[in-house]
Amino acid sequence: MARNTLLERVWAEHTIDGTGGELVYVDMHLLHELTSPQAFEGLREAGRKVRRPDLTVATADHDVPTRSRRVPLSDSIGRRQLALQIRNSREFGVELHPMNSLGQGIVHVIGPQMGLTLPGMLIVCGDSHTATHGAFGAVAFGIGTSQVEHVLATQTLRIAKPKSMRVLIEGTPAAEATAKDIALAVIRAIGTDGGTGHLIEFQGDVIDRMSMEGRMTLCNMAIEAGARSGMIAPDETTFAYLEGRDRAPRGEDWERAKEAWAAYRSAPDAEFDREVVVDVDGLRAMVTWGINPGQAVAVDGRVPDPETMADPVSREAGRRALDYMGLRAGQRLADIPIGTVFIGSCTNGRMEDLRAAAAVVEGRKVAAEVTALVVPGSERIKRQAEAEGLDRVFTEAGFEWRNPGCSMCIAVNGDRVPTGTHSASTSNRNFEGRQGPGARTHLVSPETAAATALLGRLAGSAEIS
Ligand SMILES: CC(C)[C@H](C(=O)O)[C@@H](O)C(=O)O
Ligand code: SF4
């Protein structure tokens, strides 16, 4: 039985007395347009209100077009969902950051950016990558549409506590390895079902040194290791990120909050339901070669041979991956021609990601055969990047500079990878068809995506000098 862990502590604080721990209170409910219309419809039919509109915030991200905001949406379901979101938010008094507003962005980007995401909170959203918010020491996880309705109506959720799992990251990665590369290494090590039923707490010196953006990238991908969520104990890095954010506490409240937050950590003698150590010593820039995020190797490596894999499940998955990806065992990753490069998503669409990619791109040109796009994670990030001149760095190199949204992460509004061609993408999922029918996705860091765009083949940023 787990005890004295960060998860246990936050969970206990949210358990509603007399319910045997099965009912928890929700501090922040985030909404997007895809998984909320039916939930509001349910409320309407039952004649109910939103219990705590002050703890409920909505944004438009999945369906928004990123090319031009003025053109009619090509997708009529998307158009309907966006219209319903506006109507529902008005009718139920929910704060909405719609398309073309300063607050708009991918839900997992705007929560932290606005200071809505704070240590010790219990946060839910009808979206699996809600795990991202765990980077602040919050318990944050995705829920289904019927649960969205339950939270809207009651501000509570009936749910069993996940098991707790410690992933201790050890060793010193190579300078080129980013949080994304560490995330891919973790998933490769523990498997895409390695975290099933658990909430992962990441620990170790690498985590202590990691920026908030990096921690969000890592927690974002905990879900791709099968976990319910990811979590990192708050520290000075967390506080420095939050200080002065719109909704973060201020003045004396800030001092008091910081003191309280410092206690959100697993005790030295904490017992987890499961513990694993992942060694990232010397880790290089990583790239996926297959159709799940665990099928990853160093970018200067070769496509593995499934026939040499001891585990029959991995062998079969490897065969299937090579078939879908059109790759041969032993082929150099660097020989795969890349037609599309996508920098964006809730995994790697933040300021630090855009700065890192721009530093690689600056003064260089995108290879002739590559279509490359940068989609900032939020409108504020877009404007900040423009203030820093990053948009010009990208556009002068031949990248398209888009409006914020989920975009090519999930192939909406025509932001697709052409069938049968390869993309380098900073998103988090490389499942068959994820970036369009027959699209062949390679997951990478922003730096690797940038270098790949310049060379027209998979390449780490170390290759650009
Ligand atoms: C649409 C939404 C429910 C989905 C999720 O839950 O993750 C999406 O954001 C994704 O990344 O596949
Ligand atoms: S950016 Fe991608 S992973 Fe993130 S919420 Fe949007 S569709 Fe899901």
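The backbone N, Cα and C atoms fix where each Cβ goes, and this holds for glycine too.
Annotated [4Fe-4S] cluster binding site per TrEMBL: CYS346, CYS406, CYS409, in sequence order. Reduced to three states, the DSSP call for CYS406 ([4Fe-4S] cluster binding site) is coil.
The compositional bias 'Polar residues' annotation in TrEMBL covers 420-430. Each residue in the compositional bias 'Polar residues' (420-430) gets a DSSP state, and the totals come to 0 helix, 4 strand, 7 coil.
The feature region 'Disordered' is assigned by TrEMBL to 419-441. Outside the region 'Disordered' (419-441) by six or more residues, the chain places 129, 180, 220-221, 223-224, 287-288, 290-293, 295, 324-326, 336-349, 353, 408-411, 448-449, 452-453, 458 with a CB less than 8 A from a CB of the stretch.
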DSSP-derived class (H/G/I helix, E/B strand, else coil) of CYS346 ([4Fe-4S] cluster binding site): helix
Residues sitting within 8 A of the centre of the CYS346, CYS406, CYS409 CB atoms ([4Fe-4S] cluster site), not counting those, run ASP61, HIS62, ILE106, HIS129, GLY344, SER345, THR347, GLY349, GLY405, SER407, ILE410, SER427, ASN428
